[in-house]
Amino acid sequence: MAHQAHSYHMVDPSPWPIFGAAAGLLTTSGLITWFHYNSSTLLTLGLLSMLLVMLQWWRDVVRESTFQGHHTPTVQKGLRYGMILFITSEAFFFLGFFWAFFHSSLVPTPELGGQWPPAGIKPLNPLEVPLLNTAILLASGVTVTWAHHSITEGNRKQAIHALTLTILLGFYFTALQAMEYYEAPFSIADSVYGSTFFVATGFHGLHVIIGSSFLSVCLLRLIKFHFTSNHHFGFEAAAWYWHFVDVIWLFLYMTIYWWGS
Amino acid sequence: QGLKPIVSTESPALIFGTTTKLASDLPATDSFLGKNKVPELQKLFQKADGLPVHLKGGVPDKLLYRTTMALTIGGTIYCLVALYMASQPRNQ
C-alpha cells in the first residue's frame with residue numbers, strides 16, 4: 001500500500017461538518033420558534049445536536065493526533081495559524097460591542113440626562129467584586145503559564161496541579177459574576193447602559209465558560225498522558241484562548257466598569 | 001479479518017513518522033491518577049480495519065453516530081415543516 005509523500009493530513013471522510021451545519025440550522029430556526037411561537041423543541045434539538053457534533057468532532061481530532069500520529073509539524077503549524085485567526089476574529093467580535101459602548105457613552109443623549117452613567121443608574125463599584133475578578137483572572141493567567149512550563153519540563157504532577165488551579169479560578173470568576181448579575185441594581189432593560197453592560201460582559205462570561213471547558217478537556221488529556229513535553233498544541237491553544245479572555249476582561253474593566261462609572 | 005494481532009510491550013511503530021514522542025519521557029510518577037493507556041489506544045486506532053476514524057472505536061461510536069444522525073436529520077425535517085407552516089398566512 002502506497003504511503004503519502006507529503007506531511008499534510010488528508011482526513012478520513014467525516015459526517016460532522018454537515019451534521020454541524022444542520023445543528024446550526026436547527027439552533028437558529030429554534031430561536032425563531034422560541035421567540036415567536038413559544039416552542040422550544042427545535043432549539044433544544046439544535047443545541048443537543050450541536051453538543052453531540054462538537055464532542056465527536058473533537059474526539060476524532062484527538063484520535064487523529066494522539067493515537068494515529070497525523071499531526072506532523074506541518075499540520076501543527078496550520079493549526080497554530082488557525083487558532084490565531086480564530087482568536088483574532090473573536091477580538092473583532094468584541095470590538096463591535098466596545099464600539100457600541102463608546103458610541104453611547106461618549107455622547108450621552110438628552111434621554112439619558114446628557115450624562116454617563118445615565119440619570120437614575122447606580123453603577124457597580126469597580127473597586128469591589130469587579131476588582132477581585134480582575135485579580136482572579138490575572139492569577140489564572142499566571143497559573144496556566146505555570147502549567148505550561150511544568151508540561152515542557154516533564155513534571156506531570158505539578159502540571160496537573162497548576163491546570164486544576166487555573167480551572168478553579170475560572171469557576172470562581174464565573175460564580176462571582178453570576179452573583180453580581182443577580183445583585184445588580186440595574187437590568188439589561190435599563191436604557192442603553194444596561195444593554196451595553198450586559199451584552200458585553202455577558203458575551204465575555206460565555207467566553208470564560210468556553211475557555212474553562214477547553215481547559216477542563218486539556219486537564220483530562222493531561223491526566224491521560226496525551227501530552228508530551230514538546231508536543232501539546234491542544235493545551236497551548238487553550239492557554240492562548242484563556243489569555244485572550246483575560247485581556248478582554250481587562251478592557252471591559254478599564255472601560256465599562258471604571259471609566260464608565 | 002485475517003490480520004495478525006501485533007502483540008508487543010514496546011510502543012508500536014507509528015504509521016506516520018512524526019516528532020511526537022510518547023509520554024514516556026514524562027517521568028512516571030507511579031500511579032498518580034491512572035496508568036498510561038496511550039500505547040494501547042495507538043494500537044487500536046492504527047488497526048488496518050478500513051474503518052474511518054469516527055467509527056474506529058467500535059459499537060459506542062456507531063451508537064453515538066446514529067443518535068446524532070437521527071437528531072439532525074429528523075430535526076431538519078421537523079424544521080422545514082415548522083418553517084413551511086410559519087410561512088402560511090394566518091387569518092386573525
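Numbering starts at 1 and runs along the chain as it is shown here.
Glycine too: its Cβ is placed from the backbone N, Cα and C atoms.
Quick look at what TrEMBL annotates:
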| type | residues | note |
| --- | --- | --- |
| DOMAIN | A:4-261 | domain 'Heme-copper oxidase subunit III family profile' |
| TRANSMEM | A:16-35 | transmembrane segment |
| TRANSMEM | A:41-58 | transmembrane segment |
| TRANSMEM | A:79-102 | transmembrane segment |
| TRANSMEM | A:129-147 | transmembrane segment |
| TRANSMEM | A:159-177 | transmembrane segment |
| TRANSMEM | A:197-220 | transmembrane segment |
| TRANSMEM | A:240-260 | transmembrane segment |
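Using a cut-off of 8 Å between Cβ atoms, the transmembrane segment (A:41-58) and the transmembrane segment (A:16-35) share at least three residue pairs, counting only pairs 6 or more apart in sequence. Sequence-distant contacts of the transmembrane segment (A:16-35) (same chain, six or more residues past either end, CB-CB distance under 8 Å): 41-47, 49-50, 52-54, 56-57, 60. Residues 158-159, 162-163, 165-166, 169-170, 172-173, 176-177, 179-180, 215, 235, 239, 242-243, 245-246, 249-250, 253, 257 of the same chain, all 6+ positions outside the transmembrane segment (A:129-147), place their C-beta atoms under 8 angstroms from a C-beta of that stretch. The largest share of C-beta pairs under 8 angstroms with the transmembrane segment (A:159-177) comes from A:197-220, of the ranges A:79-102, A:197-220, A:240-260.
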